[in-house]
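The signal peptide annotation in TrEMBL covers 1-21. What TrEMBL records for 43-434 is domain 'Catalase core'. Under the heading active site, TrEMBL lists His90, Asn167. The heme binding site annotation in TrEMBL covers Tyr381.
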Amino acid sequence: MGATRLLATAVAAAAAAAVAASSVATPAGAHGGVAHPPLAPMTSDVGTPVGDDRNTLSVGPSGALLVQDTRAAEKLARFDRERTPERVVHARGTGAHGTFVSYGDLSALTSAGFLGGADRETEVFVRFSTVIHGKGSPESLRDPRGFAVKFKIAEKYGGGIWDLVGNNLDVFFIRDQVSFPDMVHSLKPDPVTNIQDPNRFFDFFGALGGAATNMLTTLYSDLGIPATLREMNGHSVHAYKFVNKARKVTYVKFQWTSMQGVRNMTAAEAAKVQSMDFNHATRDLYGSIEAGRFPSWELRYQTLSAEQMASADLGFNALDATKFWPEDLAPFVAIGKMTLNRVPDNFFQSTEQAAFNPGAFLPGAIEPSEDKLLQGRLMAYADTQRYRLGANHAMLPVNRPVSPVRNHGQDGAANSGNTKGTFNYGISLTHDAFPPSDAARFSTSRVCTVIAQAGIEVTADFHQAGTRWASYSARDQANTVANLAGDLGQVRSDLVRNTMCAHFFKAHPAFGRRVAKAVRCDMRVVRRIAARLSDGMPMRHAGDGPCKADMAAKKAAKAAKKAEKKAMKYE
C-alpha cells in the first residue's frame, strides 16, 4: 500500500508540473500565455541557418524532390542513426549527477587522494539499472539492480576516474567469468519465442551445482524488487584492494547504505505499480531531486588482511563473488557520503552514453582483487563500451575526467581532442616524454602456484544461503517461497525442479521442504540429490600447497647435499 501511495503522489506531482510548464511556455496571444524573448534561428548540424524546416525543396509544390536540399537529407540521415547498440545487460537505466564527500583520512589503508582527509569533495555520476530486459522494460520486475558510480577525481587528489560498478544485492549467481555468457543467455528471452522462460534459467542454475543458491535466496526475497531507487543499498560484490603509500595491500569490499532506508515491494505490490506506471522508479528519483529532496548514500567498507584471506577459519573463499563477508568477521566502517543533486540535461548524452568499467581504477591506491569474475569484467566492460560508443568514448562529456589526460593515444572515430605536435610515440632520446608516476605503480604480491584450469577449492555454496534464510522474518520467508514457486513451479522437468529443491534443502531443510511442497517436488528424490551435495571442504588455497611443497623439497635437497658432502669427507 505504501508503494501505491508513493506512485499516486508522484503521478499527481508530474501532472501538476506538466500543467504548470505548459502554461508558462505558451506564447503571448495564444491561449493567454506569458511571452518569452524570441529564440535564435534554427541551424543545420554545421551551424548554417535553416530557411524552412517543414517543406522539402521540390520541382513545384507537387513535383519531385531535389537532392540539393541537403538539410532535409541531413535531418533524415541523422534520424536513421539515432540509436546506438543497446547494452547487452543493464539496458534499462536511470542516471543522476552528484557529489561524494569524504569523512576522514584513510591514508593508512589507501593512497587514494580523495580519501586522504575529511571534507574532500569529488564529482560523481551514478547509473541505476535493471539487468536482463531491454531499455523500455518496466522498472518493477524482479531483477538485480545495477548500482554504478563514476568518481571524477580532481587533479589535486591524484586525478583520474574510479568506477565502482556494483549491484543492489551483495552476492552474484556465478564465480567465474567464463560462465557469464551462458548465464545471461539463460536469463534472456528464449531465442525462438522471445519470452523469458524459467525452464531455461533454472536448468542453468541447477547445472551449476549450487553456486547460485545464495543469490537466488536473496533475489527471490522481497529484496529482489526495490520500491524505489532511493531506497535500496548498493554493494561492490567483489573484493578489491586498498594499497597505501608503503605498498601494503588490504582487501576491501564496499557497500552503499541508503540514508532513506531500505524499502521493497511484494510481488503483488509490484504488479499493481506496474499496471499504473512502468517508469515509477525514474519518476520517483527525478521528482525527488527536482523537489530538492536530494537522496544520499553512505559509503562503507569492510577489510580483510592478506593473512585473513588465506585463513582456514573463513570456511569459504573470500574472493568468491557468490559469498558475502559476514559483518562479525569484517565490520563495516563509514568512509563518506554521496548525494545526488542534479538531473541530467539530456538522457541520451549522459545516462545512455555513460560508460562504466571496473577496469577504471586507481593503480597503487584502489586495485582489483584476484576474483575470477571481476578479472573477466575488467576486459569485458571496456570491450562493450568500445563496441557501443567507439574507441574514444572516454572523450564524451559524461565520461571525461575532470583532471587532464596526458598520453599518446591518437585518432579513431569521433576523436574530439585537441592534440598538437609531432611527438606521439612516448619513448624518445630527443623529446621530453610524459614521466610515469611512481605512486601509480601496481602493488606487488608473491605467487607460488601452478597454472591450471580449475575451480576454487572451497565452494561452500549452501551455508550462507541457509544463514540468510534463517535470518528472514516469517513474512519474508513466506514471500520468498511464494516468489520462487511462481517461477520454479512453471518448470516442466522433474530433474530440474528436484535439483533446485535439493539446493534449497541443503541450505536449510525447512526452506527446501517448503519450496518442494509449493512446486510438487518428490522429497525422496530431493533428499537423495542433497545427500550428494558438498558444502565445502577443508580450506587450502591453491597457492599454499605448491609453495610449501617447493620449500620442503628445497630443504630436503639441501640436507641431502650436505649429508653427501659430509659422507665424502670421511671416505
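For all residues, glycine too, the Cβ spot is worked out from N, Cα and C.
On the structure: features taken from TrEMBL.
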residue: His90; record: active site; Cβ within 10 Å: 23
residue: Asn167; record: active site; Cβ within 10 Å: 22
residue: Tyr381; record: heme binding site; Cβ within 10 Å: 19
Asn167 (active site) to His90 (active site) - Cα separation in whole Å: 11
Spatial separation of Tyr381 (heme binding site) from His90 (active site) - C-alpha basis, Å: 12
Whole-number mean of pLDDT values that fall within the domain 'Catalase core' (43-434): 96
